[in-house]
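Asks: What follows is a structure written as structure tokens; I'll ask about it next.
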Amino acid sequence: MIFLDYDGTLVPIIMNPEESYADAGLLSLISDLKERFDTYIVTGRSPEEISRFLPLDINMICYHGACSKINGQIVYNNGSDRFLGVFDRIYEDTRSWVSDFPGLRIYRKNLAVLYHLGLMGADMKPKLRSRIEEIARIFGVETYYGKMIIELRVPGVNKGSAIRSVRGERPAIIAGDDATDEAAFEANDDALTIKVGEGETHAKFHVADYIEMRKILKFIEMLGVQKKQ
């Protein structure tokens, strides 16, 4: 089995996250890979976003493990669907913040609200962070700090437990670039784990960037071809 993060692992992280479309080379690579191996995209994004960026019939673990899309069917993990209304309220209560924080972008997802700080001035970020943390306390949701983003998400779920529930004890390759992927590495220490990019990690292996990761996946795909011959 193969479990792959999307942003930063298969595609570069860009300033406009709504434009993270897979290029032709990646589409071809993942299409070939999933024909030979049981392959999942594991991401903080929604199923709809990944389906738009990577228009392939592929299984997914989304919202950092809060839901999955398997064989075309959406499954909410650990009762996460009870938070759907909570995130509606959070978005309604905070969407006016774009007037208070120039450059802030707010994205409503079914099981998350994401605040993108990439275009904000550094002097305003601590104040915004305090506001978001207060909202998290009020609504009982989890705060995640990523690259240029702060996200409010379903508490008590993570990529690690979601991957483990899918794979059981089957051999697996798991790759990711961000802090959320560390939970996947820790909970699946019997897998072949790959950290993409710089930073300390629990992964067994490390590659420089998404370009190197694609090269590894191409090699794995070719091994799959040879095995079938």
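A Cβ is built for glycine as well, from the same backbone N, Cα and C atoms used for every other residue.
If you look up Swiss-Prot, you'll see D5 marked as active site, nucleophile, on the strength of similarity to another entry. What Swiss-Prot records for D5, D7, D177 is Mg(2+) binding site, and it gives experimental evidence as the kind of evidence. Among the features that Swiss-Prot reports, substrate binding site is placed at D5, Y6, D7.
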Asks: Just to confirm: which same-chain residues, 6+ apart in sequence, have a Cβ under 8 Å from the Cβ of D177 (Mg(2+) binding site)?
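Replies: Correct list: D5, D7, G8, T9, K195, V196, G197, Y210.
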Asks: Looking only at D5, D7, which of these recorded positions has the biggest number of Cβ atoms within 10 Å around its Cβ?
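Replies: Answer by Cβ density within 10 Å: D5.
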Asks: What does DSSP assign D7 (Mg(2+) binding site), in three states?
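Replies: Strand, per DSSP.
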